[in-house]
Each structure stands twice: as C-alpha cells, then as structure tokens.
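Notes to accompany the following structure.
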Amino acid sequence: MANNVTSIFLLGFPNLEKFTFPFFSLLVLLYCGTISGNLLIMVLYLVSKTLQSPMYFFITQLSLCDLLLTTDIVPVLLHSVLYGGSTITFIGCFIQFSIFAASECSECFLLSVMSYDRYVAICNPLRYHSIMNHRFCVISVIMIWLMGFIFVLLDIISILSLHFCGPHVIDHFYCDIGPIVQLSCSDTSMIDKQILVLGSLILMTPFILIVTSYVYIVITILKIPSTTGRHKAFSTCSSHLTVVSTFYGTLITVYMFPTTGISLTLSKVLSLMYTVLTPLLNPIIYTLRNNDFKNAYLKLKLMF
C-alpha cells in the first residue's frame, strides 16, 4: 500500500456555534449512562444466581458489544464537538473502524441468536434447556465474535491494497469504511462491490433469521387460548423486538440505502442513533421491565 496520508481530520459536527456546550454535555451524560448501564448488567449477571440463563448470557454479550462500540466512538466524538473537529492517525482510523465494525457485526449475529432463543422458549419450551444448553451458548458466542472479526479483516485487507494520497478530511464523526475508501486515489469499484455484498450479508442474513423466528413465534402465540397466556408469551420477547427495531431501522437506512439522497447531516444523526443512543437504550429496555434484573440489583445494593 502506497500511502502519503499519515493523519485524518474528522469534521464531526461543524458550525454548532452556541449549541456546542449543550450538545457536548448531552453526549457526556449519554456516555456515562451507557457505560454505567452496560457494566451494571454484566456485574449483575456475574454475581446473581437467578440470572444464569441463556437469555441473560446473551444480554451480557450485547452489553459487551455496546461497551466496545461506545468506548470506540464517543471519546473522539466528544473531542471533535468541543474543538470543532478531531485529528486521528491513519492507523488510529483503521483501529477505530475495526472495533466499530466488529462490534456492529457481532451485534447483528447476536440479535439473531437471541431471536432463536425466544423462538425455542415459546415454540418448543419442553426442549428449551436441552437445546439452549451452556455448550451451545458458548460456541454460538465464540462463532459470533469470530465472524465479526473475519468480516472486518476482509475489509481491512481490501482497504490496505488501496493508494492514499489525499485529501485527508472525513466529513463524519468517526472512521467508517465508506468515507475511508473515498479518500483513496485508486480505483475503488471492486471494493465498493465487496462492501455492498458483505454489508448485505451481515445485515440481511441475521435480519431474515430474526423475521423468520418471529413469524413462528407470532403463529404460536396466536394459538394460545387464554389472553393472559398470549400476553405473557409476547412480553418475554417484546424487549428483544424493541432493540431489533431500533438497531436495524437505523442501520439498514444508513448502509442499505446510501443513494436515497439524504443529507450528510441526516446521515450523521442516524449514525448517532446506533453508535450513541442504541447502546444506552439496550440496558434500559432489558432492565426496566425485567423483574429478575430488578431483584438482582436490589440484592446487590443490600450487599453493599
């Protein structure tokens, strides 16, 4: 790789003017809430015997994805908001993209496995513990993280074959693959196709699996004779469905429909949804309506 670019300048959100401090303060609050909420979920899982089930195991992995994502993106974002931009080394830009992409890919696959967990719990409850055993859960998580890093490695290898000679400015608040490729002086037609194929595979394959799982779940729930039974069955997967809707709604809009003519500002706002807001919403959604987490939290408070 011939490369004359040693650093990259991220524009972030220029021209905030008098909104700089309020926006910065809001981001700090969201960041602190995200770190605290996801760490709390992981601690509660480790210390509470009542949370030792496949569903909560996968939720802790989701929290790990969110922690990696928000720690990777938000500090640089805060710097760019406060100082009107942020300079990052070329290698640092690759590292940021790698962590971001690996955590997002892993979250896509993780949400599909969580939907399968809900499918087995509702559609095949008698075999739930034999199917969703500890070995299956651990192997699933290992495969999820491996696939996340493999897909990222494929992108990195392709990008490293490009020639970068300037410019060195990205009109975004983090290093994403599209803006990085646009900085290249080489012919990027092949890598553009690769990004589209891999992006479609990573986004749509888990999404199809999730939709299929929920079709069977809905059919099974509708067969339950009592209203109370239907409500109880649906409530066990409503949190997951909310997270999936928020996560995939913004992600598909940004990555699967890049030619719809949306402005850069709107694209950045949508990116804020899945890089800043979703990691905060996940622990809130999974804990506020979950009595097991509430009881575990109360027991933890009594211990201290």
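Any Cβ shown, glycine's included, is placed from N, Cα and C.
Just so you know, TrEMBL annotations never went through curation; they're auto-generated.
Between the stretches 109-128, 269-288, TrEMBL puts its transmembrane segment entry on 269-288. Of the recorded ranges 20-47, 80-102, 269-288, the transmembrane segment (136-164) has the largest number of C-beta contacts under 8 angstroms with 80-102. By the Cβ criterion (distance under 8 Å, sequence gap of 6 or more), the transmembrane segment (20-47) is counted as touching the transmembrane segment (269-288), at least 3 such pairs being found. Taking Cβ pairs closer than 8 Å, the transmembrane segment (80-102) reaches residues 3, 5-14, 16, 20, 23-24, 27, 68-69, 72-73, 145, 148-149, 151-152, 155-156, 159, 164, 170, 173-177, 180, 275 in its own chain, all 6 or more past its ends. Taking Cβ pairs closer than 8 Å, the transmembrane segment (269-288) reaches residues 27, 30-31, 33-34, 37-38, 40-41, 59, 62-63, 66-67, 69-70, 73-74, 77, 100, 104, 172-174, 176, 239, 242-243, 246-247, 250-251, 253-254, 262, 294, 297 in its own chain, all 6 or more past its ends. Mean predicted confidence for the domain 'G-protein coupled receptors family 1 profile' (37-286): the pLDDT average there is 87.
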